[in-house]
Amino acid sequence: MMERKLTILYGSQSGTAQDLAEQIWRESKMYFFRGNVLPMDEYDVSELIGERFVVCVCSTYGQGEEPDNMKRFWKFLLRKSLPNDSLQQVHFAVLGLGDSRYPKFNYVAKKLHKRLLQLGGSALLPVGLCDDQHDLGYGAVFLPWINQLWDELGRIVPLSAGTHKLPESPREFRWQVDIAKEGHITKDISPEGIDLYADVKMPNGFQTVVVENRRTTAAEHFQDVRMITFEKKAVPWCSGDVLYVRPHNSKESVDQLFEIFHQHEFGLDKQTCVQVKAIDSEMPVPSILQKPLPLVAIAEQYWDLTAIPRARAFAVLAKNCSNELEREKLIEFSRYEGQEELFAYANRPRRTILEVLLDFPHATNSLTLEALFELFQPIKPRAFSIASAVESGKLQILVAVIEYKTKLSIPRRGLCSHWLKDLQPGNMVNAWVRKSTFQLPADNKTPLVMIGPGTGLAPFRGILQERELSETPTSAPLVLFFGCRSSTADFHCEEDLKRMEQSGMLQLFCAFSRDQPEKVYVQHLIKKEGMLLKKLLIENGGYVLVSGSSKNMPQAVKEALIEAIGDAQHIEKMIQTNRYQEETWA
């Protein structure tokens, strides 16, 4: 039988591409494949020419950028010196993760697929383009794509006579997890004393201290928005750059998890220490989990207790479930055919993994330590536009605290925004800075038209502050369209903006949607400013920068701009030449 080796590589910014790559790896075991699953930059790319089967899973973020952990790999593949037949015996498949609201939808996966073909590789199947906008999420494309992958591989390297595909993966669990020897358990371990990520070095990473955490919206306003100020560190940033932080679970969520453990008599408490061990070299243990750790630290800093579970979590719960009814339902949710039911049960009401454990008590009862590490996704870092200029001596972010109702009785809360809301002056935070997806014009005489409703204002406040504090006064026309509900409740950074307007540096247009009987949004104001916008964008080659919620706003703004200048082609050309940029979030 031919050697069955399948190498799986991923480029992942927030961890989702890694999850899907690991799922492909897990399923590959049902077909008797062996091979590693690695971030692209940890793979020795010179070995690519010797591979026979390679699967690449990569996400695209911002304006078509590749994730940090595939940059070196991608740079190597772009070398002009690589012969066009370098990969002639490689069969590859590329799966992309993207968001169709962005003009460069799945740009990285499409580029990678094309480059592997140019280097002589043959594609096992067309590039898979997962779309975060799809009702069923990435699964809508991923699940049929992966089935097609196994069919195709089965055609090229069929199983030998008498061997059949296994009914389930023999590697159900990534790692072995044991309760550490008694000596590690101390009654007085405090989670505050343990920082799981203390030794993780991020590029441009630093520790900083909270200086101020101030509410910027009126006390009676429905939404709590915070301006959080951190001590400025030696790490430089440019206006528009992004600050990343990794939140912790709330004390309530952690307590609830241990209450579930207690009810099911798992014999696990906060002080129980666990040791996570690799089963083989294909799936190494992440560095942060390599030493014995009290469960409370893992529950607070590593497992995302508020995550909405994916199909995989339901497969893990179904595994040893003794109750027939629960098991049938869990299996339905874990299969492609049941994705609409899963969407209605989990995604639409935003049901958390902890709530799912309460809904399926028999399944929860049969969980093991290994299963818990499959069930809970790691907490992903969150990004916030920096709302201040380096010259101000402060690092500030503007955060809307997320809380809303669904049909479930308990309001849904954003994990990170609530964690940030509760930070006190003096608290230490690990953070890192990344380049913005905004690329500002090199010449600061170029007009900027900035459109930032709500907390979308953040990057523009940084850009404006930088211009205000710079040695040379800005000569470029700077225009800002800002929108919020009310001039008295949620007009963020009002003093700054009015001061800049009075000094003549900024032209400010404010839409207060609820201050009059009919609703007024930024797009209504844009439509009225045709003369100004034609001059700035058509005659003077200005840039448009849009920041804020990705829901309906970006499309409405684009349509308003087309109407204002009366030229759809000009806007399309601006998008193509990167003079029209969006940085939006769900």
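Including glycine, each Cβ sits where the backbone N, Cα and C put it.
Model, not experiment: these values are computed from the prediction.
Database features, via TrEMBL:
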- 6-150: domain 'Flavodoxin-like' (DOMAIN)
- Ser12, Gln13, Ser14, Gly15, Thr16, Ala17, Ser59, Thr60, Tyr61, Gly62, Asp132: FMN binding site (BINDING)
- 203-441: domain 'FAD-binding FR-type' (DOMAIN)
- Arg350, Arg382, Ala383, Phe384, Ser385, Gly414, Leu415, Cys416, Ser417, Trp585: FAD binding site (BINDING)
- Thr455, Ser513, Arg514, Lys519, Val520, Tyr521, Val522, Gln523: NADP(+) binding site (BINDING)
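Recorded features from TrEMBL, shown on the structure.
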| residue | record | contacts (Cβ under 8 Å, 6+ apart) |
| --- | --- | --- |
| Ser12 | FMN binding site | Gln18, Ala21, Pro39, Val57, Cys58, Ser59, Pro67, Asn69 |
| Thr16 | FMN binding site | Ser59, Leu97, Tyr138 |
| Tyr61 | FMN binding site | Gln13, Pro67, Thr437 |
| Asp132 | FMN binding site | Leu97, Gly98, Asp99, Ser100, Tyr138, Ala586 |
| Arg350 | FAD binding site | Ile308, Thr406, Leu408, Arg412 |
| Leu415 | FAD binding site | Pro247, Asn249, Ser250, Asp304, Thr306, Ile379 |
| Ser417 | FAD binding site | Val399, Ala400, Val401, Ile402 |
| Ser513 | NADP(+) binding site | Gly483, Cys484, Arg485, Ser486, Lys519, Val520, Tyr521 |
So which one is it: of the binding-site residues Ser59, Gln523, which has the fewest other Cβ atoms within 10 Å?
Gln523
How far is it from Ala383 (FAD binding site) to Thr455 (NADP(+) binding site), counting Cα to Cα, in Å?
13
Drop a 10 Å sphere on every Cβ of the binding-site residues Ser14, Ser385, Thr455 and tell me which sphere holds the fewest other Cβ atoms.
Ser14
Cβ packing number for Val520 (NADP(+) binding site), 10 Å threshold:
15
Looking only at Cβ atoms, how many others are within 10 Å of the one on Lys519 (NADP(+) binding site)?
12
Measuring Cα to Cα, how far is Ser14 (FMN binding site) from Thr455 (NADP(+) binding site) in Å?
21
For the binding-site residues listed here (Arg514, Val522), which one has the lowest count of neighbouring CB atoms within 10 Å of its own CB?
Arg514
When secondary structure is assigned with DSSP, how many helix, strand and coil residues does the domain 'Flavodoxin-like' (6-150) contain?
59 helix, 32 strand, 54 coil
Site diameter for FAD, Å, by largest Cα distance between Arg350, Arg382, Ala383, Phe384, Ser385, Gly414, Leu415, Cys416, Ser417, Trp585:
25
Cα of Gln523 (NADP(+) binding site) to Cα of Ser385 (FAD binding site): how many Å, rounded?
22
How many other Cβ atoms sit within 10 Å of the Cβ of Ala383 (FAD binding site)?
20
